[in-house]
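Have a look at the structure below before the remarks.
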């Protein structure tokens, strides 16, 4: 039962947190574990915070089944900070890195990486971003330092499903910011897996970086210490003051995921939620339109237009206004693409998704002239 005044929050990030997590945070805000202080007041060097940090690492390893040859780091700077940290840490003796550009975030990552390493795109990106070109047409180079991809493009609603791209014998680097723990993850061929916590795993300010051990120690001389994987590992993510409140929040979210049955159970719920919305789109006779190739539709960010492929601004404004009247917020699409975007992260329930589905059906009956 939702607390009074709570909205159904479909924001793309920062996003909804499970209510159980928020209530636990409220309960412990003044007095964490009977220590007489809040977590955000504790010394990051204290044994109590050290225990919390190590427990959080263990929960990530357990839930994602992270292999023993990977380290788990807590960093800052968001996913965007990792756009620079990746080439700074992984360049080694290599001259270039390969990038798969399928949307706004992988495009930004390639642009940022170009400051620190030569970037080669395995195919020429074409706009609008609606699909992932067939891999047999990609141009790979086994001399690349790594092959980078964004597992889920939040802005455009494109997700690598059900598996990662072929690595072609170089380490895969995955930005999983917007589908972190939304489904089971296969670490095969991966060298680095990273993401900001603010969509599926907690609050803004914490970046989780999972690094294969054999890739550590290849950082460029200009790498800032706070972005150095080697420094962070040597100091158990305590090289400088970490986002203590963010780590605490993620700890609670991880326990919530575990209580729900783990990643497979969460994945099945996410399939149910996204399927509910995509079914309405596909059966609307064009009233709702999702341009994304069905093979790569995101289960996290459902992007669509109303009134045809290019959208009808008047209809979309009416839809958003009606959504707010029905206690739903943050359904407006990203400013660069427009339309509607329903972000169905782990904390969004099936029941909340059903409220959106009901409104979509009602709205179509009111305004469909076909």
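Glycine is no exception: its Cβ is also placed from the backbone N, Cα and C atoms.
With 79, 80, 105, 154, 198, 240, 241 listed by Swiss-Prot as binding pyridoxal 5'-phosphate, the candidate from 134, 141, 175, 214 annotated for that site turns out to be 175. Taking the Cβ of residue 154 (pyridoxal 5'-phosphate binding site) as centre and 10 Å as the limit, one finds 26 other Cβ atoms among all the protein chains shown. Counting only same-chain residues at least 6 apart in sequence, those with a Cβ under 8 Å from the Cβ of residue 241 (pyridoxal 5'-phosphate binding site) are 44. The binding-site residues under consideration are 80, 198, 240. Their Cβ neighbour counts within 10 Å are lowest for 240. For the recorded positions given as 45, 199, the lowest number of other CB atoms within 10 Å of the residue's CB is seen at 45. Cα to Cα, residue 154 (pyridoxal 5'-phosphate binding site) and residue 199 (N6-(pyridoxal phosphate)lysine) are separated by 10 Å.
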